[in-house]
Amino acid sequence: MPIPFRKGHGTQNDFVLLPDPDGDLDLTEDRVRALCDRRRGLGADGVLRVVRTKAVPDAPAELEGDTWFMDYRNADGSVAEMCGNGVRVFARHLAEHGLVGAEEFPVGTRAGARTAIVHPDGDVTVGMGRVRLLDPSSATVGGRTLTGLGVDVGNPHLVCATDDLDALDLTVQPGYNPMFFPHGVNIEFMVPAGAGAVRMRVHERGVGETRSCGTGTVAAAAVALHDAGRAEGEVTVHIPGGTVRVAIADGAATLTGPAEFVADGVLSDAWWSAL
Ligand SMILES: N[C@@H](CCC[C@H](N)C(=O)O)C(=O)O
């Protein structure tokens with residue numbers, strides 16, 4: 001059976017999409033790692049399996065069975081609850097293939113349903129759900145300890161302020177408190193970038209440094225607003241891979257940004273079977 005794939009990205013956070021409506025693919029950790037490998041595979045930060053919720057045994061019970069489910073995997077093969085850039089790319093894929101009827105539609109994730117609107121210019125707005133500010137914690141990078149705030153965006157984040165974003169060496173895993181984040185953490189580093197804007201870099205759990213992290217931009221926006229004494233507002237977040245807009249109101253966030261596709265293809269049977 002030929003296995004089709006699509007390659008896309010959201011602000012250069014890149015993904016391999018695998019259309020698999022009935023959940024027939026045996027998507028092992030080894031296969032995810034191979035797909036994401038930039039030398040022996042297609043190369044990506046993660047895999048998005050496009051599957052109906054009813055074919056996903058660990059999908060949240062409140063999701064309807066026919067809802068399209070973003071089965072997200074990190075490049076190291078691990079499963080994560082949510083991926084903000086991934087939902088934008090996933091939603092645009094659904095819309096382009098006529099797989100959804102309404103202008104606004106739900107996407108199932110392990111963090112619950114997220115609503116998506118695909119705009120005519122290709123941008124996508126995602127309702128990211130509740131954003132919860134947690135306690136302070138810290139990260140260690142290059143021998144420096146940076147204080148920050150934990151944030152739950154469906155997946156775990158630690159947002160740290162820094163004075164020199166460009167000097168950080170994120171090729172190695174930053175230190176963090178494993179008692180506070182027992183399942184690992186995505187760590188954002190941010191600096192102010194003018195009124196209502198921040199610049200951010202991220203070290204993602206299960207991936208390493210990426211050029212963007214949608215849930216991370218939401219976490220950074222929430223902390224930037226909190227630092228300004230506000231619980232609501234709009235923040236423009238500049239990441240190495242582009243720019244997104246985050247709005248927070250009533251404790252919930254929306255994320256707006258681009259979603260782009262670069263290739264459609266078919267995996268080699270021999271390559272897949274040998275994994
Ligand atoms: N890049 C994503 C987040 C992907 C999951 C993350 N690495 C985790 O393990 O929680 C995004 O755009 O939000």
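Cβ coordinates come from backbone N, Cα and C, glycine included.
Database features, via TrEMBL:
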BINDING   Asn13, Asn74, Gly84, Asn85, Asn155, Asn186, Glu204, Arg205, Gly214, Thr215  substrate binding site
ACT_SITE  Cys83  active site, proton donor
ACT_SITE  Cys83  active site
ACT_SITE  Cys213  active site, proton acceptor
Would you list the other residues of this chain near substrate - those whose C-beta lies within 8 angstroms of the C-beta centroid of Asn13, Asn74, Gly84, Asn85, Asn155, Asn186, Glu204, Arg205, Gly214, Thr215 - in sequence order?
Gly46, Ala80, Met82, Cys83, Gly86, Val202, Val207, Thr210, Cys213, Gly216
Measuring Cα to Cα, how many angstrom lie between the residue listed as 'active site, proton acceptor' and Gly84 (substrate binding site)?
7
Within 10 Å of each Cβ, count the other Cβ atoms and name the one among the active-site residues Cys83, Cys213 with the highest count.
Cys213
Cα-to-Cα gap, Asn155 (substrate binding site) vs the residue listed as 'active site, proton donor', nearest whole Å:
8
What is the Cβ neighbour count of Gly214 (substrate binding site) at a 10 Å cut-off, with all protein chains included?
27
If you measure every Cα to Cα distance among Asn13, Asn74, Gly84, Asn85, Asn155, Asn186, Glu204, Arg205, Gly214, Thr215, the residues said to bind substrate, what is the biggest one in Å?
17
